Structures are given as C-alpha cells and as structure tokens.
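*Asks:* Heads up, here are the entries from TrEMBL:
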TRANSMEM  20-47  transmembrane segment
TRANSMEM  91-112  transmembrane segment
TRANSMEM  133-150  transmembrane segment
TRANSMEM  176-198  transmembrane segment
TRANSMEM  205-223  transmembrane segment
TRANSMEM  310-330  transmembrane segment
TRANSMEM  392-417  transmembrane segment
TRANSMEM  437-455  transmembrane segment
Amino acid sequence: MEVFDRHGRPAVRGKTGAWFAGILILVNQGLATLAFFGVGVNLVLFLTRVMGQDNAEAANSVSKWTGTVYIFSLLGAFLSDSYWGRYKTCAIFQAIFVIGLVSLSLSSYIFLVKPDGCGDEQTPCGPHSTVRIGLFYLSIYLIALGNGGYQPNIATFGADQFDEEDPKEGHSKVAFFSYFYLALNLGSLFSNTILGYFERIRGDVGLGLLGLCWISHFGIGTFSCWTPRYRHFTPKGNPLSRFCQVVVAASRKWKVEMSQNGDDLYEVDAGKACSNNGSRKILHTHGFKRVLDPLVARLRKSSPKGLTELQRMGIGLIIAIMAMVAAGTVEHFRLKYASKTCTNCDGSSSLSIFWQVPQYVLIGASEVFMYVGQLEFFNGQAPDGLKSFGSALCMTSISLGNYVSSLLVTIVMKISTQDKMPGWIPGNLNRGHLDNFYFLLAVLTAADFVVYIICAKWYKYIKFQGINSMEDKNGSQGNDLRV
C-alpha cells in the first residue's frame, strides 16, 4: 500500500509527515480534548443544577453519554477504514463536534439557564419544556457523535505520519502515542482548572460553553490549514466482508482435526531444502532451535524496548486497584471526620482536599500504562486496513466500562436504599457510604486483572510487514514512501 500526499501522488519524506505533521495533530488533539472535557466536567453540575437531576441520576446520565461517545468510535473507524480515509473522517466528525457545541451553547444560554444567573447552589433553574430538554440531549449526543468518530482516527492518522521501518521515524512513532496521551491530559487539565475558574468568576455556564466553541473552531482550523503536510493512506474497503469470509471459512472447517504441534503444519523436503536457491532452512535447523530458543528467551527479558504492551496494561490494572483502595480509605476517614464536625447537615467536610492527591496520582499512573499500552497494542496488532478499527476497540473498552459503571450505580443504589436507608451515593454524600463503592470497584478490578492475566497468557503477538521500500519515480532509493 502506497503513502500519498493530498494530490494522490507518492508522499515525499522531506515535505510530508514526521514531527511537523505530528505536532499539528497533537495540538488539534489537545484543543479537541479541552473542548470535550469542558463539556464533560460541566455536565454533572449542569444536570443537577440546571436540569434538576439528583447525583445518582446525573452520574448515570453522564456514564451513558460517555459510553455512547466511545460506541460512536466504531462508526468512525468503519467509515475511515472502508470509504473515507482517516483525514476525511477526522475532518467530518470534527465539524459535527463543533455543530454540537454551538447548539449546546446557544440552547443553554438562550433557553435553559433561566432565570438569568441560575445554576449555582443558591438559585435553581426553573422547569423546562420537552422541546428544550430534547434540544439539550440532541446537542450533547451530537458532541458524542463528533468526538467519538474523531478519536480513534486521529490517533491512527498521527501514527501514519511516521515510517516505522525507518529507524528514526520508527522510534518517533512509539513516542507519538505517549505525547498523544500527554496532549489528551493537558486538554483535560485546562478544562478542569482554567475553564472551571473562569466559570466560577463569571458565574455563567453558558459563557463557558461559548468559549469552548471558539476553542473547537481553532482546533479544526489548525488541523485543516496544514493539509498539504499530511501523509495519506488509501482505504482498504469494507472490512466486514473480509471478516465474514473468515467466519464462514472457519465455520465450514470447525470439525477438521488439527495437529497440536505447529511445526507439523509445514512440511519440507529435506533434500530440496538444502539445494534450492533462496532456501532459508538447512538440515540441522531443528538442532539449532533447541539451543537458540532458550537463549533468545533469556535475551528477551532484557529487551531494549522495555515492557511489552500487555505487560504495561497489566501494571495499569494493578495500579488501578491501588487507586480504588486509596480512594476508599480516604473517603472512609473523611466520613468519620465529617460525622464529627457536621452531623446531620448538608455541608461538606472540612478535611483537606489534598488527601485525594494519592488516589489521583495512582489513577493517572494507571491510565498512562493502560491507555498508552492499549493504543500501541491495537495499532500494532491490527493490519493496515483495520488500524482505525483497532484504535476504536480501545475506545470501545472505555465505553463498556462506562455502561457497566452506569449499571453498577443503579444496582448499588437499588440495594443500598432498601429499608429507607440513604444508600451509598445519596444527594448528601456525608450521609452515604461512597467508601464502600470504591472498595467494591477495587474488588471488581482485581477480578478483571485475573481474567486479563489468563487472556494475556494465551495471546501470541503478530508481526505485520510495514513500509519496506522507498523509491523515487526512477525506481531508485529515494524519498517517496511506499508500503
């Protein structure tokens, strides 16, 4: 598969791709993340203070919305790999994302935040009509569609800008995923700090959403204006048809008995193996194998690439368990502290917020190992025609987590509110037991880790042939990239 520029000509290494294009994509990702998480951060408060939902209902609504974001990533990946290509898919879904933001900003500022100044802790907003509520949900799910379809493709499109067969660019491609995650977290950091501070000073959520619109416009402008510098791949066609062909072929032969020894699946004429030109096997290869295999296994332990993607994901799960235990422990002592200073009242605990630093540090470290490891794993283990789909599978795992979270909150609240008890996650958290919920998450994550270890033990890495030649128009070695 060839690598093209925007005019369909073979891409020239010095004029396309590499870190110039990679940095543009990272900036675009940071700005898009800032806008998206700016909505996500405000959504719980918006649902409780403006739309009148309680804490558990708002948490469920946000979990369903976030899960839908990542479900839409499958749609974006399918269109990218099959028909549109990664650049066109990124541009179209970013435009949908901007439309959703504009719609949400205008509907909130004009219709929902009424009377003026409502939405804080002292001034609740009035009831809303069905049409206005419908417009609100249409807006946030347009944002979900735009961001979901964009996310898996921008990560893969960024990786496309680096030739993994080139020693320098191959190393840069590995580093790109780490910087991609850094850009994602910087966008999230700014949305949680500067944007929140701006809204607190101005006291107007609608103005904050309008600010996000300008940020998203700037992001899509940054992505589009440097189009000539990107490297493009031709879509491979509908992957579902190829998948169905494999399923049909496998179903027809599911009763065929296979040898348990993989070496028996390839038979070689011993006499011809030594004499044929280009043969790669000699008669005593099997003897060498017995000596070299244990030696290579030992050398792998000191691989210069460090931990494998599967090992990093496993470490991420272990740290996630520690984070949930830390969060539950802090909340347990917070509740004790709150019961002494604020018995049967609605005020928050005076315990310092810095007690939450360890759990956030741990969950951040967990995401570094898990998210970056997943991105590299799915990008590296998927063929060229399914790389966006591979990244979408990474996003889909997050989606499933959000849906399970929503279901878990519903089940926990239904069980814990029996006998007229306030439940684990009531409106006033000082009367609840959020610590038990964190400990439950730690137990579930530990069970997930056991299942993960079993699956990782069974998995065998696949090595795909990448960019293996670089020729100019005369056929000599040059700057044109070909795969």
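All positions are counted from 1 along the displayed chain.
Using N, Cα and C of the backbone, Cβ positions are placed for all residues, glycine too.
Describe each of these features in terms of where it is and what it packs against.
*Replies:* Sequence-distant neighbours of the transmembrane segment (20-47) (same chain, 6+ residues past either end, Cβ-Cβ under 8 Å): 53, 57-59, 61-62, 65-66, 94, 97, 101, 104, 108, 119, 140, 143, 147, 150, 154, 157-158, 161-162, 172, 176, 179-180, 183-184, 186-188, 190-192, 195-196, 199, 205, 208-209, 211-213, 215-216, 218-220, 222-223, 226, 229-231.
Remote same-chain residues near the transmembrane segment (392-417) are listed as 56, 59-60, 63-64, 66-71, 73-74, 76-78, 148, 151-152, 371, 374-375, 377-378, 423-425, 433, 437, 440, 444 (criterion: CB distance under 8 Å, separation of at least six residues from the stretch ends).
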*Asks:* If we skip the immediate neighbours and take only residues 6+ beyond the ends of the transmembrane segment (310-330), which ones have a Cβ under 8 Å from one of its Cβ atoms?
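*Replies:* Distant Cβ neighbours of the transmembrane segment (310-330) are 355-356, 358-359, 362-363, 365-374, 377, 435-439, 441-442, 445-446, 448-449, 452-453, 456, 459.
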*Asks:* Is the transmembrane segment (91-112) packed against any residues at least 6 beyond its ends, judged by a Cβ distance under 8 Å, and which are they?
*Replies:* 32, 35-36, 39, 46, 50-51, 76, 84, 125, 128, 132, 135-136, 138-150, 153, 205-207, 209-210, 212-213, 216-217, 219-220, 223-224
